[in-house]
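The DNA-binding region annotation in Swiss-Prot covers 9-126, and the record cites sequence analysis as its basis. According to Swiss-Prot, the feature N6-acetyllysine maps to Lys92, an assignment based on similarity to another entry. The ubiquitin cross-link feature in Swiss-Prot is assigned to Lys329. Marked as SUMO cross-link by Swiss-Prot: Lys398, Lys400. Per Swiss-Prot, the feature phosphoserine maps to Ser425, Ser426, Ser429, Ser431, Ser437, Ser438, Ser441.
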Amino acid sequence: MAEVRGVQRVLFGDWLLGEVSSGQYEGLQWLNEARTVFRVPWKHFGRRDLDEEDAQIFKAWAVARGRWPPSGVNLPPPEAEAAERRERRGWKTNFRCALHSTGRFILRQDNSGDPVDPHKVYELSRELGSTVGPATENREEVSLSNALPTQGVSPGSFLARENAGLQTPSPLLSSDAGDLLLQVLQYSHILESESGADPVPPQAPGQEQDRVYEEPYAAWQVEAVPSPRPQQPALTERSLGFLDVTIMYKGRTVLQAVVGHPRCVFLYSPMAPAVRTSEPQPVIFPSPAELPDQKQLHYTETLLQHVSPGLQLELRGPSLWALRMGKCKVYWEVGSPMGTTGPSTPPQLLERNRHTPIFDFSTFFRELEEFRARRRQGSPHYTIYLGFGQDLSAGRPKEKTLILVKLEPWVCKAYLEGVQREGVSSLDSSSLGLCLSSTNSLYEDIEHFLMDLGQWP
């Protein structure tokens, strides 16, 4: 797809570097003379002090791609302003997806939670540098719409099956079911139109069950874990953030990270900077040494000492599996993003050295379609909570848990926000054109996939 609505396709990497150099956006600027490190303003869109300038760079990307203003829709100023406010979250989602998908930028600092100056700091990847050669241009030019299953596409990193002997919970983890999530992603308007990412290369017969497609690990590292230089960065793989991870000590956020690998392991070690493994990707519990409450510090440290050799998460087929290897008990549940309503699954103990499925993506998408069709009263839950050392069913508020890990699959969050935006737009007939252009076809495809798998009621 070379053009969108008559607008020549723009390569995100080149476009962003030009915007950083332009000096037209407050807070978007280079941080060194070599122009290899820059900052992007990143205010949370739920804040009350949000204004138009906070979404300026995200809107600019939508305009550059011909996604805004909507073609064929002329609204008076008050309605146009309201429509723009509704679209801001989508602009930010698309910008974030494109930023992660190019493979050209490495997140160095996430200061988005700063109450005064929320921003993120990125560095140009040393493997690619600041220039763009023909190969890189071709990679950014390819659309995910060219990577449909008819080309023999494999599940790739999202659907890795490295350990073939692992027991699966149901026959749905066949090759057809394994392709469900990938196909849904490929039909996504967000990914197809905005990411500028690559198709997964076809595999030779017989490789489907064993191939694990490596991601550029350094591009997903956080400050708590030093970034090793990848030996062979696989820049042709879609670099979508698999999980947003938040670690809290008794309600206090101590780490926010993005896991972009199909396997990760939660570890604790005072010597965390010495960790150099990238398979599975490590997520290191921060030291509780700075906690002001000495009693809390003592018990938190005691629990963390028994996490080793770790808690492993792995994406296998359409399910997320957990394996607890340490002595510290871990309880899990799936609930609402803020944990304010009852969980959709009762809190359960993760048995030690036993693979346990804790989330099913195909179930989420089926429930999401039911929610969209108004056959379901509430939106499906996708936030996974892991309580270390304390039973989540004890009735205490989650912010009282000594060690709590919150996992949010990025793709679930993006799809739910898209459906919610669609629902808002559909209440006003004059703004129907503002809906995501391919939402209907997307959900028709999801319906077909679910019916083919025998999952449709």
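Cβ coordinates are placed from backbone N, Cα and C, and glycine is handled just like the others.
Fewest other C-beta atoms within 10 Å: among the recorded sites Lys329, Lys400, that description fits Lys400. The average pLDDT computed over the DNA-binding region (9-126) stands at 84. Among the recorded sites listed (Lys329, Lys398, Lys400), Lys398 has its Cα nearest to the Cα of the residue listed as 'N6-acetyllysine'. For the recorded positions Lys92, Lys398, the ranking by surrounding Cβ atoms (within 10 Å, all protein chains) places Lys92 first.
In this structure, the C-alpha atom of the residue listed as 'ubiquitin cross-link' lies 16 angstrom from that of Lys398 (SUMO cross-link). Following the DSSP three-state reduction, the secondary structure of Lys329 (ubiquitin cross-link) is coil.
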